[in-house]
Amino acid sequence: MLFWAAHLLLSLQLVYCWAFSCQRTESSPGFSLPGDFLLAGLFSLHGDCLQVRHRPLVTSCDRPDSFNGHGYHLFQAMRFTVEEINNSSALLPNITLGYELYDVCSESANVYATLRVLALQGPRHIEIQKDLRNHSSKVVAFIGPDNTDHAVTTAALLGPFLMPLVSYEASSVVLSAKRKFPSFLRTVPSDRHQVEVMVQLLQSFGWVWISLIGSYGDYGQLGVQALEELAVPRGICVAFKDIVPFSARVGDPRMQSMMQHLAQARTTVVVVFSNRHLARVFFRSVVLANLTGKVWVASEDWAISTYITSVTGIQGIGTVLGVAVQQRQVPGLKEFEESYVRAVTAAPSACPEGSWCSTNQLCRECHTFTTRNMPTLGAFSMSAAYRVYEAVYAVAHGLHQLLGCTSEICSRGPVYPWQLLQQIYKVNFLLHENTVAFDDNGDTLGYYDIIAWDWNGPEWTFEIIGSASLSPVHLDINKTKIQWHGKNNQVPVSVCTTDCLAGHHRVVVGSHHCCFECVPCEAGTFLNMSELHICQPCGTEEWAPKESTTCFPRTVEFLAWHEPISLVLIAANTLLLLLLVGTAGLFAWHFHTPVVRSAGGRLCFLMLGSLVAGSCSFYSFFGEPTVPACLLRQPLFSLGFAIFLSCLTIRSFQLVIIFKFSTKVPTFYRTWAQNHGAGLFVIVSSTVHLLICLTWLVMWTPRPTREYQRFPHLVILECTEVNSVGFLLAFTHNILLSISTFVCSYLGKELPENYNEAKCVTFSLLLNFVSWIAFFTMASIYQGSYLPAVNVLAGLTTLSGGFSGYFLPKCYVILCRPELNNTEHFQASIQDYTRRCGTT
């Protein structure tokens, strides 16, 4: 809306000048050429005086010391192109193109030129019409202007008429908006691509801490905005950003303040997205402030402009890299300019003060050149001239299609701007092996050169160090071609904080994400290079040490069969089983002997069988835990040992009853013997323990589990039984049985020698208590894969103690002291006990 308001205001201002001051239409030679169809060319042959105006007058362009050599070359490029097309028999064969060229040195001159071309031939005004389809003007298309600010104004004025406007230098993204600027096209790539190239250039060197300077106007301000919006999400921080004012002067307070802030920003890299006019003011201020040792990244408008390189002292500011539209040559342009200089030797005719001629179509310097002092056609101007060349050819091809031209003739009918615009959008042709075409936004795809300034003393040139293709943008840079300003030709570093060490994540300090502290990642987390601000946790099956950048697979551990400790325990358990089976065979062979009968007779086989069951449970502790193994290992051992303790308890209790209570309490003894008290106790005790185990298996079912918490780098495969309520109930029952056994054996400590088992039983129970105390102590401090081995060792010690304390002495008598295994010896022992009891 601001643009439209400005356009309307300027139009009203210019009407005053037009109506009262501009009565003559004389022009300097070379500004116009008659033809069947005319093109309007808008070029800045002079610079804007940037003066403050108090009256709505059009700026006079032809002022001393304001000549613009670059605009002159573009002016000549259009003249050359039209002449080349007119001399061609393949393009517009019987049609002659003409032109009206204008010097648009200022915004007012630009608007004035646009309105003058749109005006009707006779009355010199623009008729207000309801339908603009049949609107006709002296030209069919515009070429230019040369900057975004002027192009926005011209495009807005021409848009309602759908008058084609093909610019050769206006690159701002805003001009791609077809709803605002429907008739605008360009032969220079959009700044949308330039911004992408510049951001990728920064990324390729790792520069993430930059300053950003733009020029006043659409080109610089929109370019800076687009660059910041694209750079920040990619990890680039803008430490300082400012705009060079339109009225900036070297040494004024505004520029001094900018230089101070730029120095305080501590950035090595400064991106200058500016038109060349304000860029010159900026760099003169840089030289004055002695801001050296930096890398300056140039936008295409000034990257290879001699207007900037001519600033005194600029060769000492540091390294200059830039983005430039790919270099192209216009064959014959230089010779054309030389012939023009030789042909035009007379001075232009004088124009009355205030006439149109003195405003927009007069170039006094153009007629004073010789072939020796004419403006040098450098690479920057030649590249821009080629885009003028493309623009004129694009219009010519569109007109060729609109007129239905054959190889020999074109139809001659009325041509309306909107019709020609449609055809220009459709053009697609080769021009010196380069494709010329437009997309739906009127933009053309091209290529950029990545350049670096090169100084040889006072002589300046530039080196093409790479290129950038578009859609998508891809950079190819040869970094070895760059001569850096620092020591040892090293690539400068531009960061707020140096990169963290491996395994350290960033904690942002302040408002810029490029300024951060480095904090080490904790164990179990790692730093993913795609997210440098967060240490990510490892997966369940993974682990990581402190300060890690990756996770490692956890080692799965369990008590394997082939482990040395496993082999030792298996061998010991197998030996115990063989001893138990051998003892059972030995007792069966000597079943009717006094030793076996005094040990319990048939009850011995139940005791040996329970020990065998407990011993067999140990094999389920080895190998990877499975459901059957977890169900069997602890309950089977606990039940077997409970039966053994029940038998041992009742055997000790029964001996006490026989020797001590049979005579003192005969009624109790008879009741106990008649009701099979010993067998009933064993059955009841074993049944209680069996019910505990069944409840354990149902309510707190042991099952295989993977334990992750104990060791960060290990996964322990185990069964969930040790900490369950069922295990504690079963273990408590066995403790009670052990205490009962100890009490009963202690009561029989004075029994006959052959029946006195107090010492052996106490030894067995002592081993039982010690082994399980050791196991639980170890389990509280060690939770590794060898814990099942400790469990087996404790159980094996318990069973071995029970076997050795009760059965081993009897086996010794049977095998080694057979003379003691007879009735006479046992009777003598009983008689001796009776005599001792009688004396007391």
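Using the three backbone atoms N, Cα and C, a Cβ is placed for every residue, glycine included.
It should be emphasised that the depicted structure is a prediction, and the values quoted were computed from it without experimental measurement.
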Same membrane side for GLY677 and LEU820 per Swiss-Prot: yes
Which range of 31-51, 94-114, 409-429, 787-807 is transmembrane segment, per Swiss-Prot: 787-807
Cβ contacts under 8 Å made by the transmembrane segment (680-700) with residues that lie 6+ beyond its boundaries: 603, 606, 631, 635, 638-639, 642-643, 646-647, 649-650, 653, 721, 724-727, 729-730, 733-734, 737
Surrounding residues of the topological domain 'Extracellular' (701-724) on its own chain - C-beta under 8 Å, 6+ positions past either end: 523-524, 540-541, 543, 545, 552, 554-558, 624-627, 629-631, 633-635, 779, 783-785, 787-788, 791
Remote residues contacting the topological domain 'Extracellular' (624-638) - C-beta distance under 8 A, at least 6 residues beyond either end: 558, 560, 613-614, 616-618, 689, 693, 696-697, 701-705, 717-722, 727, 730-731, 734, 795
Intrachain residues whose Cβ lies under 8 Å of the transmembrane segment (567-587), provided they are six or more past its termini: 561, 596, 599, 604-605, 608-609, 611-612, 615-616, 618-619, 622, 789, 792-793, 796, 799-800, 803, 807, 811, 814-815
Positions on the same chain near the transmembrane segment (639-659), where near means CB under 8 A and six or more residues out: 599-600, 603, 606-607, 609-615, 617, 668-669, 672, 677-678, 681-682, 685-686, 689-690, 693, 730, 733-734, 737-738, 740-741, 744-745, 747-748, 751-752, 755, 757, 761, 764, 795, 798-799, 802, 806, 833
Tally of DSSP helical, extended and coil residues in the topological domain 'Extracellular' (782-786): 0 helix, 0 strand, 5 coil
Region pair the transmembrane segment (603-623) / the transmembrane segment (787-807), three or more CB pairs under 8 Å: yes
Candidate nearest ASN87 (N-linked glycosylation site) in space, where candidates are the glycosylation sites ASN94, ASN134, ASN290, ASN478 and distance is Cα-Cα: ASN94
Mean of pLDDT values spanning the topological domain 'Extracellular' (20-566): 87
Close approaches to the transmembrane segment (787-807) from elsewhere in its chain (Cβ under 8 angstroms; 6 or more beyond its ends): 558-559, 563, 565-566, 569, 572-573, 576, 579-580, 583, 599, 604, 607-608, 611, 614-615, 617-618, 621-622, 637, 641, 644, 648, 718, 722, 757, 760-768, 770-772, 774-775, 778-779
